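A.B. asks: One structure is given below, represented as structure tokens, and several questions about it will come after.
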Amino acid sequence: MTIMFDRTPEGDIISDQHLIARVLSEALSYINYLKGKILVFKLGGSMLEHQQEVLQDIIWLHQLGALPVLVHGGGPYINEWLTKLNIPTRFLDGLRVTDAETLEVVRMVLRGQVNQRLVLMLSQMGGKAIGLCGTDGDMVQAHIADERLGYVGEVESVDPASIQGLLEQGFIPVIAPLGQGPDGTCLNINADLVAAHLAGALNAEKLIFLSNVIGICRADGTRISELSDAEARRLIDEGVISGGMIPKVSACLDALAAVPRVHIVDGREPHVLLRELCTDQGAGTMIIR
Ligand code: ARG
């Protein structure tokens, strides 16, 4: 084996044997801390192409004693199917209007395609996963957000009992973001918000958003490694956090009421979850209360 040399911050030469020992001992303290802790992961729809390593990391974390719960989106696939099926998409202030026909497609894609595929992949990689949807067992109760947007729900409450039961039985629950409306209708809900509410109801230790952004960035595009909720609010006010990042960061801030730490990581980066959760430095942005 060739020995590569690296330097410590003090300039001392360290061999890769030392490096391995260092990495492992740093990771060990995080692994001990994560044992028995519930971690809610939100996988963005754009993530699904890069999911192999993400799912591998989640399975490892589970094997190490953490309790992962996955919530997924499916936006790009829903758009693809609406186009294939020639169903026109109407937008209102940038938000998709979900009529009855669109809702059928949303349900089919989320449950039948994205959810099943994630469960299958986890199983093939040796994980014990189970797929469910917010409407199963009345888990996610919702109301219509805005009549003009159609079947779009806002989360009212989340009953964590069924998920807790599944975690106790050693499962990795994989959840599609649909909710139960007041009269039993199915509603399409933003997956970031389902993940945030679920993390709160489960008393999760962490909520981790995986998408195709490197984290929260400064005006010059560099990533902010760690910030407080107050600092994140200030960056929104100052316009540094803008566009599509605002709803995501707002969901993070809402979640911080119930979850001590929220992380935003880029799921396209190799083993980003192990690096974020098991090193001091992390690999994304961590928001703390
Ligand atoms: N691994 C530690 C944790 O999960 C620290 C993560 C630091 N991450 C960061 N983006 N600064 O709490």
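Cβ atoms are placed via backbone N, Cα and C, with glycine included.
Owing to the predicted nature of the structure, the values given are computational and were not obtained by experimental measurement.
According to TrEMBL, the domain 'Aspartate/glutamate/uridylate kinase' annotation covers 37-266. Among the features that TrEMBL reports, site 'Transition state stabilizer' is placed at K42, K248. Taken from TrEMBL, the feature substrate binding site covers G74, G75, R96, N188.
What's the neighbourhood like for these features in this structure?
C.D. replies: In this structure, K42 (site 'Transition state stabilizer') is part of a beta strand by DSSP.
A strand conformation is recorded for R96 (substrate binding site) in the three-state DSSP classification.
Under the three-state DSSP scheme, K248 (site 'Transition state stabilizer') falls in the helix class. All protein chains included, K248 (site 'Transition state stabilizer') registers 20 other Cβ atoms within 10 Å of its own Cβ.
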A.B. asks: Determine, for the substrate site, the additional residues of the same chain whose CB lies within 8 Å of the mean position of the CB atoms of G74, G75, R96, N188; present them in sequence order.
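C.D. replies: These residues sit around the substrate site: G45, G73, I78, N79, T98, V106, L110.
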A.B. asks: Which of the three DSSP states, helix, strand or coil, fits G74 (substrate binding site)?
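C.D. replies: Its secondary structure by DSSP: coil.
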A.B. asks: Express the predicted model's confidence over the domain 'Aspartate/glutamate/uridylate kinase' (37-266) as a mean pLDDT, rounded to an integer.
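C.D. replies: That stretch averages a pLDDT of 93.
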